[in-house]
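Read the structure below first, then the notes.
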Amino acid sequence: MGKIPANQSKSVPPVPRKEPQTLLAKIRKEYVSLTFAKSIIFDPARLPLISILILAAELVLNVFVVQNVRYTEIDWKAYMQECEGFLNGTTDYSLLRGDTGPLVYPAGFVYIYSALYFLTSHGTNIRLAQYVFVGIYLLQLMLVLRLYCKSRKVPPYVMVITIFTSYRIHSIYVLRLFNDPIAILFLYAALNAFIDGRWTLGSVMLSLGVSVKMNVLLFAPAILLLYITNLGWLKTALQLTVCGVIQLILGAPFLLTHPWQYLKGSFDLGRVFEHKWTVNYRFLEPEVFESKAFHLALLGLHLTLLLVFASPCYKYFQNYCRLRHLEMMLMPQIEAQNRAEKEKVKKGKQSKANALPAAKGSNEEEKLTQDQEKFLKSFEKGIKKMSGKQQQQQQQNVAPVETESPAAANPAANKFSIHFDRSTQLALLPIFLSNFIGIVCARSLHYQFYVWYFHSLPYLTWYTEYTNSLKFLLLLLLEFCWNTYPSTVLSSVVLHACHVCLLVGIGRKLFRRIPDLAQLNKAE
């Protein structure tokens, strides 16, 4: 065989370079696919995107309800009458009354509804008041969704179905104008502040919620444990002082003039509810329902359940505290790792010939230590144990170290991140559970009380190990009970059955051995 001339060897066509994708092609590849469609339905990590759509749709839906569904007067006029007495100079709570009876809410309620009194032309502009409550509803929903987004516990489709199918919730906010939504708005503002580590702001919001309606105190046992585990006893005392000072400041006009009337009227723990309005005890005779022995029995059950669940809840809070501490320790190293990766990409752009050496060098710069990587693996293992069985990957409790590729910009750019916010699950469960126990043992539930726990129901339900069919059945039956007016023996019995079923499901999982994350590293 003859030799190939040198000039012919040089004429071999080069391998064609891959043309960069257009922006439209990148978007189509990333978002127009069955995989992406499934992820926005089932993957809790996609909830931030779905939350924007939920809020936009809820705005439209609530405006439609206000414009097309008849407003029902229940307590609004009475609220205005009670505030009118205060605005006329009366600070004796025993003299502040409305058509439905005496004023029974703390001072924060008086100030907020006094502001609404002026805003709505002495309470006559109902339509404007409804739009104010549309804003309250959307703000609270935003705070609720923010907690769910951080925890990555519940799939997006569950939130969509639950939020949009509740007629009772929408009516309580924009067709009834009760004070319960305002109290719960402050509560969720407090929870968001606690999760962000803004403890004093959270205490202020929590106390403001109590000043509107005392039902917020149902969350107090769990929040007290959260204070103790995260702050210690001294700082807990300081936060409790903040809560108390807020109450004293708000109640000052009444406490300085008629203190006993104020305390007795606004914080009356012995008030007897009328049997005709009860949602949960329609099957009892009025004499039994109003008896003191029945109330004491429910109080004893309430305290017993709180004590029974206290130990595992305390352990959850301890692990939450440790993981947040781990986050503070590792974030500087994670940021350093990302800076190194960014520098690697920048060098790669400058010279393809030096791309591989640059990548090799940058990988050696900032890394987690072997002990820290070992702890992270233990961290993931421990949370999986606490979550019970592993279902789909998008429903796992905690993400390990995640390597993400920013699709559009540069495939070589890897972002090192840990979604520590999933540890929020360890804080939310005991807080929601404390309130739920209070509702299970409540002496009487009225229709507006549904907002006390409605937005926590998806979280509590998806914490259990029931099948998805049973979970949705529980939510459906609860909605049926709260939409049955007037309540019946059947609706009351079903409501209790759902509560007990949900509490048992939570307890069966919660009382398993909870791994101590501080010891897992040694076990490895």
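From the backbone N, Cα and C atoms, a Cβ is placed for every residue, glycine too.
Predicted automatically and left uncurated, TrEMBL annotations should be read as such.
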The residue range that TrEMBL labels region 'Disordered', out of 341-370, 371-400, is 341-370
Most Cβ pairs under 8 Å with the transmembrane segment (103-119), selected from 201-228, 240-260, 485-506 | 201-228
Most Cβ pairs under 8 Å to the transmembrane segment (293-314), of 131-148, 240-260, 426-445, goes to 426-445
Non-local residues, at least 6 beyond the ends, that sit with Cβ under 8 Å of the transmembrane segment (177-195) | 74-76, 79, 105, 109, 112-113, 126, 129-130, 133, 136-137, 139-140, 143-144, 146-147, 150, 201-206, 208-210, 212-213, 215-216, 219, 223, 226, 421, 424, 427-428, 431, 448-449, 451-452, 455
State the residues, same chain only, that lie 6 or more residues beyond the ends of the transmembrane segment (485-506) and have a CB under 8 A from a CB inside it; answer 'none' if no residue qualifies.
-> 276, 278-283, 305, 433, 436-437, 439-440, 445, 447, 460-461, 463-466, 474, 477-478
